[in-house]
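Below you'll find the structure, written out as structure tokens, and then a few comments.
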Amino acid sequence: MPRTKRVYSGKTITGVLYPVAICMLFVAINVKLSQPEQQEQSKVVYGLFHSYDTADSGTITLYLIGFLILTTSLGVFCYQMKFYKAIKVYVLANSIGILLVYSVFHFQRIAEAQSIPVSVPTFFFLILQFGGLGITCLHWKSHRRLHQFYLIMLAGLTAIFILNILPDWTVWMALTAISFWDIVAVLTPCGPLKMLVETANRRGDDKFPAILYNSSSYVNEVDSPDTTRSNSTPLTEFNNSSSSRLLESDSLLRPPVIPRQIREVREVEGTIRLGMGDFVFYSLMLGNTVQTCPLPTVVACFVSNLVGLTITLPIVTLSQTALPALPFPLAIAAIFYFSSHIALTPFTDLCTSQLILI
């Protein structure tokens, strides 16, 4: 029985890098448009905290991690018990809340910040068209490109929503804690995400396209056995009867040769599925960098996220198993962020003040 090995081409890898880059750029542009420098708006952590002391950052992070662990565990439990309708209702409610409700406040803030004159009926008509089409594309049949576009919009708006309600340093603490939780949830034997992947592979179903970004919606066909030559097939056939008798006589003198089992490995083009949470946290980190740092640091974090994701994908090819997509990109982005914030930004400021052109 040939063993199947999934390989990932450059086209498949870029099929994931492009949407991640688009999502991060969408968040960065929207953060700049909604919060111009001359109008800095205060953030409010709804229902939890009303001050931004450093001591509160750890408490907020614990609340977020607890909520994430609870929702992930409940989602995996519902999936294993086949409570598909409950999961679909939860995902549908989140999509409506982000694409229809929150988008009203977000785009209203952009219109006010940029002094864009829009009438109320026109504004609500555009939001209804945007959100209604998005919900239809995410939860029912639609064109593949349109479905992928609204997955990116959903992740980007979710990242902006989280960014607007969290203090700056709390974002970094939350991202660090979420990265460790991602490792535990995916790699440990009792991790909920590992159990989810194993259950989905065992059932062979993909019932929730609204929470997974698929690099391709097409299934590549495996080559038929006729096109693959087995190594045990003889290259020469003897038709001469004397040769046949000679072989038969020799076989009486020699012990029978036990054929060695040769295991064929068939390479199949695989598709990469990235959770929408990964899109959200990549964009959350970049959006926080846009708020607090100059352009060189933003560019460094943007590139480092893509580099970290590019490092993760070959490891997936070698291990042939699901891996957490957050630790490598966020670790490299954190290194670039702090090194750029400590060394590069003061250096460029000094060169600018001294009129030194490099």
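Note that Cβ sites are derived from N, Cα and C of the backbone, with glycine treated the same way.
Annotated compositional bias 'Polar residues' per Swiss-Prot: 221-240, in sequence order.
Positions annotated as intramembrane segment by Swiss-Prot, on the basis of sequence analysis: 322-342. Away from its own ends, the intramembrane segment (322-342) comes close to residues 172, 175-176, 178-179, 182-183, 185-187, 193-194, 197, 274-275, 278, 281-282, 285, 289, 293, 296-297, 300-301, 303-309, 311-312, 315-316 of its chain (Cβ-Cβ under 8 Å, at least six residues beyond either end).
The region 'Disordered' annotation in Swiss-Prot covers 221-242.
What Swiss-Prot records for 1-12 (among others) is topological domain 'Cytoplasmic', and it gives sequence analysis as the kind of evidence.
The topological domain 'Lumenal' annotation in Swiss-Prot covers 34-57 (among others) and is backed by sequence analysis. If you average pLDDT over the topological domain 'Lumenal' (34-57) in this model, you get 53.
As annotated by Swiss-Prot, topological domain 'Cytoplasmic' applies to 79-86 (among others).
The topological domain 'Lumenal' annotation in Swiss-Prot covers 108-115 (among others), and the record cites sequence analysis as its basis.
What Swiss-Prot records for 137-148 (among others) is topological domain 'Cytoplasmic'.
Per Swiss-Prot, the feature topological domain 'Cytoplasmic' maps to 192-273 (among others).
Per Swiss-Prot, topological domain 'Cytoplasmic' is recorded for 343-358 (among others). Within its own chain, the topological domain 'Cytoplasmic' (343-358) has Cβ neighbours under 8 Å at 293-294, 296-297, 300, counting only residues six or more beyond its boundaries.
Among the features that Swiss-Prot reports, transmembrane segment is placed at 13-33 (among others), with the record citing sequence analysis.
Here the transmembrane segment (58-78) has Cβ contacts under 8 Å with residues 45, 48-49, 84, 86-87, 90, 166-167, 170, 173-174, 177-178, 181, 185, 192-193, 195-196, 199 of the same chain, all six or more residues outside its ends. Per Swiss-Prot, transmembrane segment is recorded for 58-78 (among others), and the stated evidence type is sequence analysis.
Counting same-chain residues at least six beyond the ends of the transmembrane segment (87-107), those with a Cβ under 8 angstroms from any Cβ of the stretch are 30, 34, 75, 78-79, 123-124, 127-128, 130-132, 134-135, 138-139, 150, 153-154, 157-158, 160-161, 208, 210-211. Annotation comment: Swiss-Prot describes 87-107 (among others) as transmembrane segment, evidence class sequence analysis.
Feature annotation from Swiss-Prot assigns transmembrane segment to 116-136 (among others).
What Swiss-Prot records for 149-169 (among others) is transmembrane segment, and it gives sequence analysis as the kind of evidence.
Look at Swiss-Prot and you will find 171-191 (among others) tagged as transmembrane segment. Residues 57-58, 60-61, 64-65, 68-69, 72, 163, 197, 281, 284-285, 288, 322-327, 330-331, 334 of the same chain, all 6+ positions outside the transmembrane segment (171-191), place their C-beta atoms under 8 angstroms from a C-beta of that stretch.
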Report, as numbers and ranges, every residue of the chain located at least six residues beyond the topological domain 'Cytoplasmic' (79-86) whose Cβ falls under 8 Å of a Cβ in that stretch; write 'none' if there are none. 195-196, 199-200, 207
